[in-house]
Amino acid sequence: MARPRSLVSPLLSGVFCQCDTVSGAPHSHETPASPSLAAAALAADPCGGLLCGGPEHERRLQILFQELDVNKDGAICINDLAVGLKRLGVHRTELELRKIVKAGDKDQDGQLDFDEFVHYLRDHEKKLRLVFKSLDKKNDGRIDAQEIMQSLRDLGVNISEQQAEKILKSMDKNGTMTIDWNEWRDYHLLHSAENIPEIILYWKHSTIFDVGENLLVPDEFTVEEKQTGMWWRHLVAGGGAGAVSRTCTAPLDRLKVLMQVHASRSNNMSILGGFTHMIREGGFRSLWRGNGINVIKIAPESAIKFMAYEQIKRIIGSNQETLGIHERFVAGSLAGVIAQSSIYPMEVLKTRMALRKTGQYQGVLDCGKKILLQEGLSAFYKGYVPNMLGIIPYAGIDLAVYETLKNAWLQRYATSSADPGVFVLLACGTVSSTCGQLASYPLALVRTRMQAEASVEGAPQMTMSKLFKHIVKTEGAFGLYRGLAPNFMKVIPAVSISYVVYENLKLTLGVQSR
């Protein structure tokens with residue numbers, strides 16, 4: 001269903017520059033049949049926009065501010081904005097209104113005074129102008145359906161021409177099936193969204209979803225985010241969210257490792273039985289064995305993956321700010337291989353610490369020292385091959401499923417709302433991550449068993465292929481999925497906790513929520 005067309009009154013559009021961005025010619029208004037007193041005052045059209053600073057500039061802003069200041073207290077609150085815009089024929093959701101006030105509220109008193117209001121409009125128009133130019137691929141001062149399709153395609157979203165025309169019609173006031181600068185600006189006036197590509201930015205997910213396996217393809221960051229330092233704030237927020245999430249779900253993660261290594265047909269370990277065994281052997285605190293090193297490795301792995309991803313993007317020669325789906329998969333998988341190769345000894349330490357018995361090691365350093373002395377340096381790379389092979393199905397299937405779900409939602413709802421909402425984001429991320437884990441789980445199990453070989457009494461030293469054959473022969477295909485139940489049990493709480501902590505850390509670090 002197409003988005004209802006927003007009829008912007010002359011009072012609103014009059015506060016902006018009315019010059020055509022290409023020719024510089026003034027853009028004429030059609031005077032309404034029954035204009036209000038305030039609108040009539042703005043009917044004259046000398047260039048009085050925010051950026052041009054014409055003679056009518058200050059007066060127009062004052063009149064608009066007074067119209068929106070419904071209770072006449074010298075400030076615009078969310079309720080004033082809702083009522084005032086509705087009177088002027090502009091309808092915004094409560095969430096959009098909150099974002100507008102938050103974006104302009106410099107003193108954080110929950111409302112906009114005149115100076116804050118002017119600053120918000122000035123800043124907003126500059127952003128809108130930059131976005132308009134980026135979408136105007138033909139450089140002719142107008143955006144058509146093909147340019148909308150191309151812009152979204154560059155960001156990994158494929159929509160039909162019919163869908164693009166629906167988006168176009170929601171902004172096209174004169175029926176030309178193109179959008180000029182004034183139509184673009186008027187439509188987005190006092191709207192929290194700043195661009196069509198922002199639809200995509202809602203769908204960033206790898207920094208939010210931490211389910212214990214950091215194998216997702218990295219998110220894209222815009223040039224603006226890189227220049228302003230927002231990229232590292234996102235990574236720090238994601239790392240903090242991952243640390244809290246992993247700590248909260250650590251008992252399930254340790255149970256998964258125990259079942260992967262010790263469960264078999266002769267030792268059919270249940271979830272309840274596994275927890276009982278851990279508590280009896282080492283007490284309640286033993287449920288968190290291996291969690292420390294699992295949290296510590298988040299920072300180096302995320303940093304190395306991000307840097308590798310950016311370098312690989314340059315090597316493959318992409319001049320685009322964001323990559324296509326296939327390029328993202330290749331670059332993301334290679335970045336994952338580099339990051340995992342760099343921190344893989346920490347993966348082995350995590351497995352050994354999770355499997356340790358009470359008193360076996362004094363800590364992570366003691367564990368590493370004993371492995372080095374007793375097994376040699378090569379022990380820190382046991383299970384390396386299946387781990388690397390697991391990156392491809394995990395990252396590929398997660399990306400493919402997520403993009404499929406994203407496109408399905410956008411095809412149906414993007415013309416009525418850019419924001420998919422928390423539930424849709426969490427649901428899509430959970431489903432795609434679960435599918436990725438399911439596909440790569442046999443490789444993950446073989447990796448864990450190879451990492452644990454020397455710590456398990458009587459365990460045979462096998463290559464990856466021999467271990468696969470041994471498991472299938474002795475336990476059947478089901479043996480490749482030991483520990484899958486606790487692994488899936490932790491997905492929903494892990495994703496939910498990650499999201500909540502991530503959003504709160506973003507606010508603390510000063511990252512503006514989209």
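Heads up, the Cβ atoms here are built off N, Cα and C, so glycines get one too.
Feature annotations, reproduced from Swiss-Prot:
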{"type": "BINDING", "residues": "Asp105, Asp107, Asp109, Gln111, Glu116", "note": "Ca(2+) 2 binding site"}
{"type": "DOMAIN", "residues": "56-91", "note": "domain 'EF-hand 1'"}
{"type": "DOMAIN", "residues": "92-122", "note": "domain 'EF-hand 2'"}
{"type": "DOMAIN", "residues": "123-158", "note": "domain 'EF-hand 3'"}
{"type": "DOMAIN", "residues": "159-194", "note": "domain 'EF-hand 4'"}
{"type": "REPEAT", "residues": "229-315", "note": "repeat 'Solcar 1'"}
{"type": "REPEAT", "residues": "323-408", "note": "repeat 'Solcar 2'"}
{"type": "REPEAT", "residues": "420-508", "note": "repeat 'Solcar 3'"}
{"type": "TOPO_DOM", "residues": "1-234", "note": "topological domain 'Mitochondrial intermembrane'"}
{"type": "TOPO_DOM", "residues": "253-289", "note": "topological domain 'Mitochondrial matrix'"}
{"type": "TOPO_DOM", "residues": "310-332", "note": "topological domain 'Mitochondrial intermembrane'"}
{"type": "TOPO_DOM", "residues": "347-382", "note": "topological domain 'Mitochondrial matrix'"}
{"type": "TOPO_DOM", "residues": "403-425", "note": "topological domain 'Mitochondrial intermembrane'"}
{"type": "TOPO_DOM", "residues": "444-482", "note": "topological domain 'Mitochondrial matrix'"}
{"type": "TOPO_DOM", "residues": "503-514", "note": "topological domain 'Mitochondrial intermembrane'"}
{"type": "TRANSMEM", "residues": "235-252", "note": "transmembrane segment"}
{"type": "TRANSMEM", "residues": "290-309", "note": "transmembrane segment"}
{"type": "TRANSMEM", "residues": "333-346", "note": "transmembrane segment"}
{"type": "TRANSMEM", "residues": "383-402", "note": "transmembrane segment"}
{"type": "TRANSMEM", "residues": "426-443", "note": "transmembrane segment"}
{"type": "TRANSMEM", "residues": "483-502", "note": "transmembrane segment"}
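Sequence features annotated in Swiss-Prot and their locations in the structure.
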residue : record                : Cβ neighbours (10 Å)
Asp105  : Ca(2+) 2 binding site : 18
Asp107  : Ca(2+) 2 binding site : 10
Asp109  : Ca(2+) 2 binding site : 11
Gln111  : Ca(2+) 2 binding site : 21
Glu116  : Ca(2+) 2 binding site : 19
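According to DSSP, Glu116 (Ca(2+) 2 binding site) sits within a helical segment. Packing against the topological domain 'Mitochondrial matrix' (253-289) from elsewhere in the chain are residues 212, 246-247, 351, 353-358, 444-445, 448-449, 452, 456, 474-475, 479, 482-483, 485-487, 489-490: each is 6 or more residues past its ends and has a CB under 8 Å from a CB in it. Proximity of distant same-chain residues to the topological domain 'Mitochondrial matrix' (347-382), defined by a Cβ-Cβ separation under 8 Å and at least 6 residues beyond the stretch ends, is recorded for 253-254, 257-258, 261, 281-282, 286, 289-290, 292-294, 297, 340, 448, 450-456. Those residues of the chain, other than Asp105, Asp107, Asp109, Gln111, Glu116, with a C-beta within 8 angstroms of the mean position of the Ca(2+) 2 site C-beta atoms are Ala75, Val101, Gly104, Lys106, Gln108, Gly110, Leu112, Asp113.
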